[in-house]
């Protein structure tokens, strides 16, 4: 792979990562397809994906930085409004705990058995079905805003997040659907999902990066930097656009799109 082509690949995959990481469509499925079409796969591609995910994480921090600092009691001299900042670090810990425990226990097994195209294809379909269930059978909204979310609901979202350990299922799809099925509004469930993503993705990406450290070299820096920066910028735009769209749109189009991507995976890798 020439240097110019490597930078092109980094730019394209950065766009794909930034667009899909926080939408309920599975970034893994998209990265597998696009990486294959670009001829970029294998151990280095997996490490590259981990690095550019950090760009997407940084985008969440940039969008929700006041909330994130508020979790640890830092408000930059501003007094929180009535009812504001009741979302606490306890909510985040409860949301993280199930996936952290199960993820650490079966991390190696997941890497060995669930990263194939066929299993990702099934996960895309399963995640799409969950989105439809969440839209069609969700109960009446009991938690309208982020600050209305209870500890019980946070733990429930954490349990749903375990589904995202299955590559292709979509972490945001699992957590947002879980939140809606527990009576959280679509908007609040999405916001909680994004905030919860920061510690979860930092932990997961940090672990993967540590295990892949021998694959990194300074020669890869330009490619990784382009992918990281592109993912950050695109993810910023995607997050803000998504939060605006879900005020008036449901998740059925995302479910249908997942089925289309699953069919594409079938055509490219399975058929």
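Any Cβ shown, glycine's included, is placed from N, Cα and C.
The transmembrane segment annotation in Swiss-Prot covers 5-25 (among others) and rests on sequence analysis.
The annotation transmembrane segment is assigned in Swiss-Prot to 45-65 (among others).
According to Swiss-Prot, the transmembrane segment annotation covers 86-106 (among others), on the basis of sequence analysis. Packing against the transmembrane segment (86-106) from elsewhere in the chain are residues 67, 70-72, 146-147, 149, 151, 154-155, 157-159, 161-162, 164-165, 175, 192, 195-196, 199-200, 203-204: each is 6 or more residues past its ends and has a CB under 8 Å from a CB in it.
Beyond its flanks by at least six residues, the transmembrane segment (114-134) meets 24, 26, 28-29, 32, 163, 165-170, 173-174, 176-178, 180-181, 251-252, 254-256, 258-259, 261-262, 265-266, 268-270 of its own chain at Cβ-Cβ distances under 8 Å. Sequence annotations record features per position, and here Swiss-Prot assigns transmembrane segment to 114-134 (among others) based on sequence analysis.
The transmembrane segment annotation in Swiss-Prot covers 149-169 (among others).
Marked as transmembrane segment by Swiss-Prot on the basis of sequence analysis: 189-209 (among others). Same-chain residues lying 6+ beyond the ends of the transmembrane segment (189-209) with a Cβ under 8 Å from its Cβ atoms: 22, 46-47, 50-51, 53-54, 56-57, 60-61, 63-64, 67-68, 71, 87, 91-92, 95-96, 99-100, 103, 107, 146, 149, 154, 157, 161, 171-172, 175-176, 178-180, 239, 242-243, 246.
Here the transmembrane segment (226-246) has long-range neighbours at 7, 10-11, 13-15, 17-19, 21-23, 48, 51-56, 58-60, 62-63, 186-187, 190-191, 194, meaning same-chain residues at least 6 beyond its ends whose C-beta is under 8 angstroms from one of its own. Swiss-Prot lists 226-246 (among others) with the feature transmembrane segment, giving sequence analysis as the kind of evidence.
Per Swiss-Prot, transmembrane segment is recorded for 251-271 (among others).
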Result, the transmembrane segment (5-25) in contact with the transmembrane segment (45-65) (3+ CB pairs under 8 Å): yes
